[in-house]
Amino acid sequence: MKTLLLTLAVVTMVCMDLGYTTICYNHLSRTPETTEICPDSWYFCYKISLADGNDVRIKRGCTFTCPELRPTGKYVYCCRRDKCNQ
């Protein structure tokens with residue numbers, strides 16, 4: 001009986017984890033904070049800062065893979081926790 005209960009507990013925990021989705025911020029630099037629930041298997045949040053003269057633009061959202069770093073004045077931050085791209 002104990003084995004059956006332990007098996008059911010493990011199966012329940014595994015099944016609960018399968019449905020997990022990441023929550024990321026998705027607002028731009030000068031807009032109020034908003035979030036989005038990422039699509040299945042999109043586990044990363046990103047934050048891209050782009051310097052344009054005296055102005056800095058920031059874009060946030062969900063992504064399947066982390067954006068590539070390029071030497072173009074961009075700062076890219078990628079993470080895997082809920083709301084980690086603030």
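Along the chain as shown, residues are numbered 1 onward.
Glycine too: its Cβ is placed from the backbone N, Cα and C atoms.
Copied from Swiss-Prot, the annotated features are:
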- 1-21: signal peptide (SIGNAL)
- CYS24-CYS45: disulfide bond (DISULFID)
- CYS38-CYS62: disulfide bond (DISULFID)
- CYS66-CYS78: disulfide bond (DISULFID)
- CYS79-CYS84: disulfide bond (DISULFID)
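Here the features listed in Swiss-Prot are painted onto the structure.
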| residue | record | DSSP (3 states) |
| --- | --- | --- |
| CYS24 | disulfide bond | strand |
| CYS38 | disulfide bond | coil |
| CYS45 | disulfide bond | strand |
| CYS62 | disulfide bond | strand |
| CYS78 | disulfide bond | strand |
| CYS84 | disulfide bond | coil |
Candidate with the highest Cβ count within 10 Å, taken from the disulfide-bonded residues CYS38, CYS66, CYS78, CYS79, CYS84: CYS38
Distance, CYS84 (disulfide bond) to CYS38 (disulfide bond) (CA atoms, angstrom): 13
Among CYS24, CYS45, CYS62 [disulfide-bonded residues], residue with fewest other Cβ within 10 Å: CYS62
Length of the line joining the Cα atoms of CYS78 (disulfide bond) and CYS62 (disulfide bond), in Å: 10
CYS84 (disulfide bond) versus CYS62 (disulfide bond) - Cα distance in angstrom: 11
